[in-house]
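This report concerns only the one structure given below.
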Amino acid sequence: MNKPVPPTELQYEQDAPLYAARKKVYPQKVSGTFRRIKWGLMAFCLGVYYLLPFVRWNRGLGAPDQAVLIDLPNSRFYFFFIELWPQEVYYFTGLLIVAALTLFLMNSLGGRIWCGYLCPQTVWTDLFYAVERMIEGDRRERMRKDAAGGAVKLQRFAEIGLKHAIWLVIAWWTGGAWVLYFNDAPTLVKQLFFFQAPMLAYIWIAILTATTYVLAGFMREQVCVYMCPWPRIQAALTDEWALNVTYKYDRGEKRTSLKKAKELRALGQQVGDCIDCYQCVAVCPTGIDIRDGAQLECIQCGLCIDACDTVMKKIGRETRLIGYDNDINIHRRQAGKSPIYRFVRPRTVVYSALITTVGAIMLYAMLTRSLLDINVLHDRNPVAIKLSDGSIRNAYTVRLLNKRGFDRVIAIDIDGPTNATVHVVGADSVTPDRPMIILGRDQTTELRLLVTAPAENNPEKSIPVWFRVTDIGLGEVTSATDNFVSP
Amino acid sequence: MAEHNEIDQVTGTATTGHQWDGIKELNTPLPRWWVITFYLTIIWSIGYWIVYPAWPLLASHTTGLFGYSSRADVAVELANLEKIRGDKMVKLGAASLVEIEKDPALLALARARGKTVFGDNCAPCHGSGGAGAKGYPNLNDDEWIWGGSLDKILETIQYGARSGHAKAHEGAMLAFGKDGVLKKEEIVTVANYVRALSGLSTGKGYDAKAGAKIFADNCVACHGDAGKGNQELGAPNLTDKIWLYGSDEATLVETISNGRAGVMPAWVGRLDPSTIKALAVYVHSLGGGQ
């Protein structure tokens with residue numbers, strides 16, 4: 001056996017553990033501009049999420065009257081005036097592209113705005129903190145109560161119990177709202193109340209209740225720091241011009257106590273505005289010190305700005321020692337130049353142009369999308385049939401889609417081998433050369449179509465054949481092509 | 001074994017004493033909860049031995065406490081499926097064949113049901129798409145030996161041809177050569193005559209008059225004066241472009257010499273009436289129906 005080699009280089013780590021345990025964060029209550037913005041956005045986001053399923057939209061008889069509905073059994077997605085079919089999921093692709101580009105644009109303008117203001121994790125964690133603060137008190141009180149720990153007191157138990165109960169109610173409501181998007185909301189609420197809802201609904205409510213409760217109640221900032229890929233990606237998307245929550249160290253340093261600062265200023269010496277009061281740290285939901293500079297853990301929620309502004313007002317200094325700014329401006333100020341804010345940059349212009357383009361394409365596709373569709377599939381077995389008089393017949397499976405909310409009469413024409421005839425199995429209409437079909441509203445219909453080319457016009461090889469579908473009433477025409485094959 | 005208790009300085013964990021290329025193995029036991037869970041799963045599995053069928057015996061197996069069997073589960077599920085399908089199949093059984101073809105919903109049901117049943121029962125001979133093979137009729141074309149109307153197709157499926165069923169189609173191509181009715185040269189001549197009937201080329205030195213005479217004497221009884229065939233007797237139309245066994249001279253000589261009597265099984269009794277109905281509608285809708 002080899003002789004153990006003493007890890008001399010690593011000696012300095014001897015006392016420190018390899019992994020640091022989580023330090024619980026006790027964000028302090030704060031008020032100010034950004035807190036108000038956050039309250040507003042929270043109310044808006046949660047309001048939309050919880051109430052949207054109850055918004056009604058009249059689509060006529062037999063169709064669901066819920067404004068936003070994901071109808072999985074019937075494979076339809078309803079969004080106000082839009083009704084999407086499964087084969088139109090590319091609209092979602094477009095929506096995702098727009099969402100991604102918007103995120104890029106947000107990043108180049110104001111850094112991780114998403115993380116700090118709109119991310120569900122932030123919104124729900126913020127809400128859970130508010131509940132905790134309301135019941136257990138503010139930062140100091142909570143710290144004191146947690147430190148007391150072992151001392152069993154009835155009041156403390158009641159507090160904790162109440163807190164978790166309210167958390168669970170919020171989490172349960174969150175899961176409940178989720179399932180309402182997949183079913184008629186008022187009906188489902190009634191069913192849920194009388195325990196008659198489908199099992200799947202209860203399972204989903206349970207899953208989302210559990211995730212909300214655990215993620216917003218216990219995991220909190222750890223989701224952002226350890227689990228979420230966005231901080232990494234968004235940090236990479238942010239450029240040097242983007243406005244980030246920044247401690248303006250050109251103004252703040254050197255930090256001294258309020259009293260000492262006064263003395264030094266009286267002597268005409270240069271002192272920083274930061275009085276090292278740690279208010280920015282106390283209010284931070286991820287428990288970091290913004291004065292250490294931009295960092296992964298910072299979700300850019302702006303609460304430290306409010307905290308610092310409060311202090312600055314109190315001590316009679318200019319506000320926004322911490323504010324939305326960037327390093328370029330700090331360096332400019334240090335060099336005696338005025339700060340500049342540049343929102344129109346190649347990057348933002350490109351993002352905006354892309355968003356506009358994709359949006360325009362989607363809008364165009366949406367407005368001109370066909371409400372009558374045809375898909376043709378050539379029968380493979382047999383590919384072609386020789387009839388007794390020597391003519392050749394090919395069979396096709398034709399799927400017609402009527403995306404309109406009423407029945408339609410459509411005619412089928414073909415354009416293929418000379419003098420070829422078309423016949424729909426099971427639909428011997430009064431016009432034998434031009435089959436007519438009734439398409440049920442909001443439905444797909446599958447037909448078996450036989451195309452026969454007379455013996456004298458038998459094509460030697462495979463030739464294209466066009467299937468044209470005409471709505472007799474509206475004149476809407478759609479077509480599809482396939483091949484006509486000889487044996 | 002003093003090394004075993006050596007403490008790693010970085011982690012403060014004891015090492016196992018194992019060392020490879022200067023890399024030491026830390027003695028990090030599995031967490032207690034993990035080990036307990038592991039043992040619990042073992043205990044849990046013993047429950048399975050008792051509750052569920054588990055142990056093979058010589059001729060049978062242990063049945064478990066509840067007598068559970070996945071086969072019984074399948075039977076229950078199949079029964080449920082039948083119940084779900086029940087109404088629709090009853091409707092199918094009650095409707096006439098023509099009504100089924102006129103009603104898009106019933107037609108779709110009949111075609112779906114028919115296609116499945118066709119794949120299970122008919123495909124081995126007629127091909128999965130009904131394209132047929134030599135000796136097995138193509139069901140997509142419009143030549144029907146026993147008739148191609150809905151009723152006729154239904155009848156053929158029900159009772160078959162030469163199947164031994166009392167109501168089966170009877171009638172076979174006679175073996176004119178084997179039975180000594182026609183001589184070899186006569187058979188070649190009439191084979192060429194038949195080829196000429198459907199517009200195919202004839203062999204060198206073929207005597208059309210002699211062919212017509214042989215045909216008139218021996219074949220018209222079944223295939224008709226013009227060779228148009230007779231569906232009552234299952235005699236194929238000899239003037240069209242479709243040949244069940246092939247149209248070249250050698251094949252025709254073989255057919256005339258030894259006769260043909262392919263068998264179509266009877267399905268009545270093997271498939272329930274509504275299924276046979278669905279099958280008839282499916283075959284008719286393949287496109288060749290009359």
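Numbers run from 1 along the shown chain.
Including glycine, each Cβ sits where the backbone N, Cα and C put it.
Listed in TrEMBL for this protein:
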TRANSMEM  A:39-57  transmembrane segment
TRANSMEM  A:89-106  transmembrane segment
TRANSMEM  A:165-181  transmembrane segment
TRANSMEM  A:193-216  transmembrane segment
DOMAIN    A:264-293  domain '4Fe-4S ferredoxin-type'
TRANSMEM  A:348-367  transmembrane segment
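Residues 82, 91, 94-95, 97-98, 101-102, 104-105, 108-109 of the same chain sit 6 or more residues outside the transmembrane segment (A:348-367) yet have a Cβ under 8 Å from a Cβ within it. Break the domain '4Fe-4S ferredoxin-type' (A:264-293) down by DSSP state and the numbers are 11 helix, 0 strand, 19 coil. Restricting the average to the domain '4Fe-4S ferredoxin-type' (A:264-293) gives a pLDDT of 92.
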